[in-house]
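Peer 1: Pasting in a structure now, in structure tokens, and then I'll have a few things to ask.
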Amino acid sequence: MNALLSNPFKEGLRKGDTQIGLWLSSTTSYMAEIAATSGYDWLLIDGEHAPNTVQDLYHQLQAIAPYASQPVIRPIEGSKALIKQVLDIGAQTLLIPMVDTAEQARQVVSATRYPPLGQRGVGASVARAARWGRIDNYMAQANESLCLLVQVESKVALENLDAILEVEGIDGVFIGPADLSASLGYPDNAGHPEVQRIIEACIYRIRAAGKAAGFLAVDPAMAQKCLAWGANFVAVGVDTMLYTEALDSRLAMFKSVQSVSTAKRSY
């Protein structure tokens, strides 16, 4: 099978395109496919805070595959063993949470690359990623098409941001607003002026270093701010939150209920 691997999401980042995404926390392939038909540039399948197994992630990758939306998987953490599994099921773009140091970033880069560039285990003949051994020269293609994003979401990570940005193999840095605001002493308040100032400065530093800058904003006004500041891959909602808002809004048409505004909620 003489197929060439491609990663449109990574190519978009290279070109500087702005890519609008959606967070998938519902854990179902059915909801993932519905989202894929909406036209978002990318869909984040969340394995950190949503109760997804590796097989759940696999089924959602399958559901998204026929459509133009590009899947991004966030595993629960950046261990070498888990990264190997997620790559083998066909993920080409990963978002690794809680990366605090350049050394952590280098370890993640190594876990995602086949030797001699890294330490990813070899098992292409039994992996969906290689179409069970049918993609010629898969290992070299996989190293090239992989897109690796890391999350900066703590005071320690902020202190080490410049060093993280220097790590070869990191394609983009994502600012985690909920954990970051808590780490800075403003829990559940990513809208605090000091947090906002830091987010804007981080986005500028990331882009100045030649990397892509990402963000999740459940408030549309905050999403627009981040885009104006230079973030070029921004998730503008979470499927489960949008679902609860729609349910509450519909019920409010017929019963007296209190609905929670998106602008007052954080992820």
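Yeah, the Cβs are placed from backbone N, Cα and C, and that goes for glycine too.
Swiss-Prot lists HIS49 with the feature active site, proton acceptor. Taken from Swiss-Prot, the feature site 'Transition state stabilizer' applies to ARG74. Residues or ranges marked as site 'Increases basicity of active site His' by Swiss-Prot: ASP88. Per Swiss-Prot, the feature substrate binding site maps to GLN151, ALA178, ASP179. The Mg(2+) binding site feature in Swiss-Prot is assigned to GLU153, ASP179; the stated evidence is sequence analysis.
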Peer 1: Tell me, how many other CB atoms lie within 10 A of the CB of ARG74 (site 'Transition state stabilizer'), whichever protein chain they belong to?
Peer 2: 26
Peer 1: List the other residues in this chain whose Cβ sits within 8 Å of the Cβ centroid of the substrate site residues GLN151, ALA178, ASP179, in sequence order.
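Peer 2: Checked against the 8 Å cutoff, the neighbours are PRO97, MET98, GLU153, SER154, ILE175, GLY176, PRO177, LEU180.
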Peer 1: Could you tell me the maximum Cα-Cα distance in Å between the residues recorded as binding substrate, namely GLN151, ALA178, ASP179, rounded to a whole number?
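Peer 2: Per the listed residues, the maximum Cα distance equals 12 Å.
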Peer 1: Counting every protein chain present, what is the number of Cβ atoms, excluding its own, within 10 Å of the Cβ of ALA178 (substrate binding site)?
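Peer 2: For ALA178 (substrate binding site), the count of other Cβ atoms within 10 Å is 17.
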Peer 1: Closest to ASP179 (substrate binding site): which of the recorded positions ARG74, ASP88, GLU153, going by Cα position?
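Peer 2: Nearest listed residue in space: GLU153.
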Peer 1: At the level of the C-alpha atoms, what whole-angstrom distance separates ASP88 (site 'Increases basicity of active site His') and ARG74 (site 'Transition state stabilizer')?
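Peer 2: Between the alpha carbons of ASP88 (site 'Increases basicity of active site His') and ARG74 (site 'Transition state stabilizer') there are 14 Å.
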Peer 1: Write out the long-range same-chain contacts of GLN151 (substrate binding site), meaning residues 6 or more apart in sequence whose Cβ is under 8 Å from its Cβ.
Peer 2: LEU95, ILE96, PRO97, MET98, VAL99, VAL173, PHE174, ILE175, GLY176
Peer 1: With every protein chain in view, what's the tally of Cβ atoms within 10 Å of the Cβ of GLU153 (Mg(2+) binding site), excluding that atom itself?
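Peer 2: So the Cβ neighbour count for GLU153 (Mg(2+) binding site) comes to 22.
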